[in-house]
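Please read the structure below before turning to the comments.
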Amino acid sequence: MSQAWIIVTEEKQTPALVAMAKGLGGKVIAAVIGPRALAEAAAAAGPDAVKWVETEQGRPAEAYAGPVARLIAADAPGAVVASASAAGRVLAGATAVKLGAAMIPRGLKLSAAGETTLLERADLDGRVIETIASAGPVVTFYAGGDVERTPCSPAPIETVAADGVADIRLEKTEPAAGADAGITKASVVVSVGRGLKKKDDLTLIQGLATALGAEIGCSMPVADDLGWVEKERYVGRSGQHITPRLYIAVGIQGAPQHLEGIRGTKVVVGINNDPDAPIFKAADFGIVGDLYEVVPALRAALGK
Ligand SMILES: Cc1cc2nc3c(=O)[nH]c(=O)nc-3n(C[C@H](O)[C@H](O)[C@H](O)COP(=O)(O)OP(=O)(O)OC[C@H]3O[C@@H](n4cnc5c(N)ncnc54)[C@H](O)[C@@H]3O)c2cc1C
């Protein structure tokens, strides 16, 4: 039974990484790259041991890709699961190269069938779950949801000296363009999904948002795949988590990953031409109809 490693660069999702790595059936070792507090949080999340690589003030975790990859590869684990943070992905990639392992993004579940490692991973925006069988080690970054932390005694923490750290430093941090989107503070958000046919039609959504004094939000594909709206405005598990008084989802199907971003919202309104769209299960009010008719009608009703 081979052991699995997890790569921790942030506290978020550490219990989920541990739970996934345990699926391989062996011990779970956590490589923690960050401050002591992060190592302690990881130790309490259920791994068997923690190897702590302390980061210097102002040095990004990515600088430690070389030493972390060597540390993990020396143990020849059967699988490595990293967090989906930018640094987690970089460290996972470096480890895969050092280990001579397959790098398989968006892992959800690990298991072993005899000598074979099975990795379930999300594909096609989560519409498909593929099971990959590997005769050798696999490296992935996690794409699943959060897992409750189960009480356990903390794992021992061993400090690991890092040699060959890349000479990079954080010079300055400043807000990116669009970061002032204000969507996280807005009390009303009009959010648009792939039900919109073309980018120019955003004027329709903007018109409704202006009439309501709302901020514009969107589903992940509208920002990530289509690039129609700034990435800072997409809502969901991997995007913004918001709790406005009113959230109007226009042409958004209501995928679980999207709904995770509006938990705690007071009133959710769904506008969708498919009466079976999942958004209607989550919505307080639903309008079944073509957004190209419903949105202008709403604006007319608002007198704007
Ligand atoms: C790991 C992972 C993380 C993810 N994180 C996020 C996330 O943070 N946020 C997120 O949004 N998604 C996320 N996703 C993607 C998510 O699973 C969905 O694929 C995505 O939310 C779908 O976007 P959509 O509803 O805009 O598009 P679609 O699924 O294409 O739905 C479009 C909807 O518009 C309706 N429609 C079409 N035409 C009209 C019309 N004329 N009038 C009215 N309605 C119309 C359709 O009936 C349909 O319901 C994630 C996926 C994975 C795997």
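Glycine is no exception: its Cβ is also placed from the backbone N, Cα and C atoms.
Annotated FAD binding site per TrEMBL: Arg194, Gly251, Ile252, Gln253, Gly254, Ala255, Pro256, Gln257, His258, Asn272, in sequence order. Just so you know, the Cβ of Arg194 (FAD binding site) picks up 17 other Cβ atoms within 10 Å once every protein chain is counted.
Per TrEMBL, domain 'Electron transfer flavoprotein alpha/beta-subunit N-terminal' is recorded for 4-172.
Its Cβ taken as reference, Ile252 (FAD binding site) is surrounded by 30 other Cβ atoms within 10 Å in the chains shown. Figure note: comparing Cβ neighbours within 10 Å for the binding-site residues Gly254, Pro256, the maximum is reached by Gly254. Residues Arg194, His258, taken from the binding-site residues Arg194, Pro256, His258, are distinguished by a CB atom under 6 angstroms from ligand 1.
In this record, FAD is bound by Arg194, Gly251, Ile252, Gln253, Gly254, Ala255, Pro256, Gln257, His258, Asn272; the longest C-alpha to C-alpha distance in that set is 18 Å.
Secondary structure from DSSP puts His258 (FAD binding site) in a helix. Ile252 (FAD binding site) carries neither a helix nor a strand DSSP state and counts as coil.
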